[in-house]
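Novice: Quick one: the structure is below, and I'll ask about it shortly.
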Amino acid sequence: MLKYFGTDGVRGVANQGLTPEMAFKLGRDGGYVLTKNKKDGEQAKVLVSRDTRISGQMLEYALISGLLSVGIEVLEVGVITTPGLSYLVRAQGADAGIQISASHNPVEDNGIKFFGSDGLKLSDEMEGEIEKLIDAEEDTLPRPSAEGLGTVTDFHEGSAKYLQFIENTIPEELDGIKVVIDGANGASSALISRLFADCGVDFTTIYTHPNGLNINDHCGATHTENLQKEVVKQGAQLGLAFDGDADRCIAVDENGNEVDGDHIMYVIGSYLAEHGRLKKDTIVTTVMSNLGFTKALEKEDLKNVRTQVGDRYVSEEMRAHGYNLGGEQSGHVIMSDYHNTGDGMLTGLHLMLVMKKTGKSLSELLKDFKDYPQCLVNVPVTDKKSWKEHQPILDVIAEVEKDMAGNGRVLVRPSGTQDLLRVMAEGPTQEETDAYVDRIVKVVEKEMGTNK
């Protein structure tokens, strides 16, 4: 298990857990690992960008200093979305990209996320190599003086290149659909109006005025309450909410109901399949996707492949087996015909394209998708990794699954960050589902609960 890197880069409270000193080390050590295979005399090139958090510039300058110290040429993109940086790394033929963002997390947090030359997140092995250098007793990396140092160049025109790329994936103007868009006061705030206007969309925006402190503050993909009200108030056909770095998209239908990533993938996937464009008739999701998603796909003779939690694992599965649509319930949707990572703005526009092409409202497109009631309980435990060694827990899970008789599912997994065991079930009614979870939770608490 890695010490600094989580499922989405290095994260922490800015200036406390994630300090400028740490950012410098990540720039120096990470930059070296990513570019050490360059031929002699060929200078490595790395793109650096950030979201709108007040701590972003502090960390950016420290990170860039680390990169420059090992002779790397830095292209400073400024504020842009995470998928925007991923695209630009490939488009510019850069050796790597580094985004400073904590995505949907509150403003106190920040993160540093690395991308390879392919625009994809790093492998666990490469992240481990960076960590070894960070923890080394002595810094033995090159320290050029004068001629061998790196330089910084502004690349703020990168935003325009990225927006043009997204616009080119839409074959026609998206007029006739009124949309309200929530930018989460994040990285997409300055981009939304330019992109959606160029695509002919009738739209209004909310939460697109970042001040460094208001990113994700009761807005964006994890807080859609105000967007839901605004869609109904304005009589709009659709609402779109992005998170702080706009790699997620959550929608709102014309009735003000939230539409998560499962539902968005179902709508887009069904349309692609109908036109023979869904590869292998399969959508890749994580184990967190609702059972109703799989049941809805089965009605259309489509398949669902599931991975462990994390969009990187969805992406790996898609690349390994040639699938072109996948994502997470949380709103990461990967449309690999266009992009190799989740992109909120791209997803939103393609959802609109399906609505326009079919002439149907979002609620009509989802009429055959019935969510199964879900219950999730987080149980504090003494050792989350050893839960499978407790036979009574395995037995009660098997008993519950037998009682479900194929009309429900159980998912038990340890938390990635806390000493918790997450017990989740889905079933035909909320009452039955709650009872299933309660049966399992009681055994978990008896076997390994902190209060047993």
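Cβ atoms are placed via backbone N, Cα and C, with glycine included.
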Novice: Besides ASP243, ASP245, ASP247, which of SER86, SER103, SER117, SER386 does Swiss-Prot list for that Mg(2+) site?
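Specialist: Looking at SER86, SER103, SER117, SER386, the one Swiss-Prot places in the Mg(2+) site next to ASP243, ASP245, ASP247 is SER103.
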Novice: Setting SER103, ASP243, ASP245, ASP247 aside, what same-chain residues sit with their Cβ within 8 Å of the center of the Cβ atoms that define the Mg(2+) site, listed in sequence order?
Specialist: ASP51, THR81, THR82, SER101, HIS104, GLY186, ALA187, ALA221, PHE242, GLY244, ALA246, ARG248, GLY344
Novice: Within 10 Å of the Cβ of ASP243 (Mg(2+) binding site), how many other Cβ atoms are there?
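Specialist: Its Cβ has 34 other Cβ atoms within 10 Å.
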Novice: Provide, as an integer number of angstrom, the distance between the C-alpha atoms of ASP245 (Mg(2+) binding site) and SER103 (phosphoserine).
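Specialist: On Cα coordinates alone, these residues lie 5 Å apart.
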Novice: Rounded to the nearest Å, what's the C-alpha distance separating SER103 (phosphoserine) and ASP243 (Mg(2+) binding site)? Just drop the number here, would you?
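Specialist: Taking the Cα atoms only, SER103 (phosphoserine) lies 6 Å from ASP243 (Mg(2+) binding site).
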